[in-house]
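K.L.:
Found this in TrEMBL, in case it helps:
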BINDING   ASP146, HIS186, ASP194, LYS390, HIS395, THR437, ASN476, ALA477, ARG508  substrate binding site
ACT_SITE  GLU278  active site, proton donor
ACT_SITE  GLU475  active site, proton acceptor
Amino acid sequence: MKIQAPSFVRRNLQSFLSNMALTLRYSSSFINPIDTKNPKTTDEFVGSVSFPKTKHSYYCLRVKNSSINEAQTSHEKTLYFNGRGEERAEMQHVLSSQKKNGPKVPVYVMLPLDTVSIGGNLNRPKSLNASLMALKSAGVEGVMVDAWWGLVEKNGPMNYNWKGYFDLVQMVEKHGLKIQVVMSFHQCGGNVGDSCSIPLPPWVLEEISNNPDLVYTDRSGRRNLEYISLGCDSLPVLRGRTPIQVYSDYMRSFRDHFKDYLGRVIVEIQVGMGPCGELRYPSYPESNGTWRFPGIGEFQCYDKYMKASLKATADAIGKESWGTNGPHDSGQYNQFPEDTGFFRRDGTWNTDYGQFFLQWYSHKLIEHGDQILAAAQGIYRGTGAKLSGKVAGIHWHYNTRSHAAELTAGYYNTRHHDGYLPIAQMLGKRNAVLNFTCMEMRDGEQPASANCSPQGLVKQVKMATKLTGTELAGENALERYDEGAYAQVLETSRSDSGNGLTAFTYLRLNKRMFEGDNWRNLVVFVNNMSEGGRMIRLSEYDSTGSDLYVGFIHDRKMDIKKAVLV
């Protein structure tokens, strides 16, 4: 099997090979099994990797497959590849012993946002194929991909194009990997890490242009096109269908197209429930400089449907004046809590009115998530695929009494009120995993003025999932490659305090991830997570591990690149 290496690998091959020392767990998808005469030692392998042709150059790959039985013989095969992929092999025998114990935390890697192109085809398939092979050899469990509503249902209502995603799932299966698929009902573009633009389907944008109240709106009337407002969830505003019906039809189409892969290759369906796929309001939009960290954000309840719901709720308890509008003293996107009347230490948030408003605002969000997950639960029941929902890690101003940034996003979490217990309860009721971000962050890394506590926030969410019996999975919020970030994830992955992680998804596959120390740190992290989150250093003398050493073998007649996978 020949696989073309990604272009960035080809361009940097010389420095990549001469400077890098990597550690990889062994994976059988990287090389193909062949028959042997001994039924107990069937793990001999042959494989080839095609690199750009270089005069008089050969590549050496030494593979050692370790048996799980102590003192059982395993095989080490050295493969020499020339520029045409031809090889010769030498076999050695080594001893192995059992090493693994404890619960494994599988690691997934997010694929690029533009893995499927605007035209609906798989982007850069050769590079992706080589990247998947590398991830498998590193011990990664699988990958995550956004199935964009704006791509799949682009050509009209219920006109679905799954071709690019079908090609991807087949490629993932070929490498023996698993895949998490996100039902991405939001726009790509305008938020942290968004590297491309994928708007909502054109026919949906046409409906929005005819009725701007279909999207979230702030107090000044600014419309947000990232996601349909939950205020119209049950109204037939999308060509005769309600948003919940549209999302359900989309998920049902996915199920029917991928029924042979669900539960086997497609192991998780993450259901998008808001901007960035997260269960929240778009309270801190970065597009056009609207919001900057660590601003408190703004409430998003000023479209006519949300205002009608607020009025009806206030009228029902005899407080008509409370339903005329949102809080008048909640400030602007980039202010701090103490700059406002609502969020300051003894502000309106802690009055009867404030408690009423925050209860309504957060309840509408949880109700929205419950409706979508209820539909998903019925659609995917019996497929074997897990459901999950993503909750944002809004850690700034966490150390204040009001937790202003969480409140504007819809999480009613204050000094006196736990906002994550009801979210965890809702997800648990639907047998969905709570996927939480900012797992890599430490309090000491944050600016003191922002009153951040990502560690305190993660601890609270872990406890909420433990108390409700809800599974917890994690992601890193920002692109990080350093050992400190990985060490923090390892610490939070354990169940020592609160709930441990059932899986972790790393953000994100790109060329920087494959650079020397970055790749080495990732692979060591994956190995540690496979040991239940314990910090295990890989020894060069460990015959049961798997080290990939990349270096040069110099010869008078030829320059041989040597890669050792053990």
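Yeah, the Cβs are placed from backbone N, Cα and C, and that goes for glycine too.
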K.L.:
Given a 10 Å Cβ-Cβ cut-off, pick out the one of the active-site residues GLU278, GLU475 that has the most other Cβ atoms nearby.
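P.N.:
Checking each of GLU278, GLU475, the winner is GLU278.
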K.L.:
Using a 10 Å cut-off on Cβ-Cβ distances across all protein chains shown, tell me which of the binding-site residues (HIS395, ARG508) has the largest neighbour count.
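P.N.:
Sorting the candidates by Cβ neighbours within 10 Å, the top entry is HIS395.
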K.L.:
Going along the chain, which residues six or more apart from ASN476 (substrate binding site) have their CB under 8 A from its CB?
P.N.:
THR437, CYS438, MET439, GLU440, ALA485, VAL489, TYR506, LEU507
K.L.:
Which one is closest to GLU475 (active site, proton acceptor) in space, judged by CA to CA distance, out of the recorded positions ASP146, GLU278, HIS395?
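P.N.:
So, spelling it out, the nearest of the recorded positions is GLU278.
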